[in-house]
């Protein structure tokens, strides 16, 4: 036993030394390759065939609205927008599938690279990539699961809009963790996030506004007197909305109608959900949330040089958005949004030495306990299976897009299965 422990300790020491000294991961090409590997590992494809149920129905509606060129605003209003089909993994048409695949790959890669860039402010390149792999995998795992379906596979749809908010948070943290960030870096970060917020607003209304708030918060926290940068951030956000609207194939005059009516739907939805009492199993989640807020308060009060107060403020803002999603309508997949915020924030917070190890252990135990309490064992097992199958499913999806005629065959087969299963005449599924 003693010899085994010595060998293990020695191996661990060599690995740590190699990770801290190797130059692998220091170039953009290497980081891009690592991001590609992360996409292959963490891009689940459990819902490629359209299914039935409450959430699959409106998901199908988002995809079909684009295919049939329905005008958003006058003809269709929802909490999602004309780009909402991008977060749907199911096959409906070639163009929809290609655009959705690009969006989903970009979200996962952006999350990975954002975390890696934030970690690289304090760690070696290889250590940062390893940390980004672990954190991205956990965040994706937590965001698996979306709504009600009559078929189990659809329940494992990845919640991409909320994952995009996490990616924006990771990238926004980079200049906040730097001692003296360049003005050009801050300006680029804020305006880029503003443009992304405009895109996300047309994907899902409730994901665009948090990213816009993050962009503005970064600008203010890094110099509240930089009025020009604040205005540029807001102008970029506002200007990007009609640009993305036009690229989505919508008429300019319909945008105000969609914004007004969709905002009313979101407001009514929030008010309706606020009247629902919290279930008994929400207690653990509330305790974890309170503990996390207390920890943020302690970090802000201490104000250590390695953890800037401005970074803690941003974490608090993102936490409030996550808590709103979690407790506005308390359901496992909603609470997982807040868990994702805590995981990413812990990963990129520059804790040192014993505090880091203790913090990671305590957080891991708390999150595991709360997560297992929210989900039944069979659901947790299904999550694990879906995560393990992701690499092969990604290869299958890419092959389906690359091979001529294969996607059309998959779509027609799915339609035939639906007709057979529910005895539906062919004219109703075309």
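Each Cβ is built from the backbone N, Cα and C atoms, and glycine gets one as well.
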Pick from 33-51, 52-70, 71-89, 128-146: which stretch is listed in TrEMBL under transmembrane segment? 128-146
Matching 10-28, 257-275, 333-351 to TrEMBL annotations, transmembrane segment lands on 333-351
Taking pairs 6 or more apart in sequence, does the count of Cβ pairs under 8 Å between the transmembrane segment (281-299) and the transmembrane segment (184-202) hit 3 or more? no
Using a threshold of three or more Cβ pairs below 8 Å, and leaving out pairs closer than 6 in sequence, do the transmembrane segment (311-327) and the transmembrane segment (90-116) count as in contact? no
Stretch contact, the transmembrane segment (333-351) with the transmembrane segment (184-202), Cβ-Cβ under 8 Å, 3+ pairs: no
Can you work out whether the transmembrane segment (208-224) touches the transmembrane segment (128-146), with the criterion being 3+ CB pairs under 8 Å where the paired residues are 6 or more apart along the chain? no
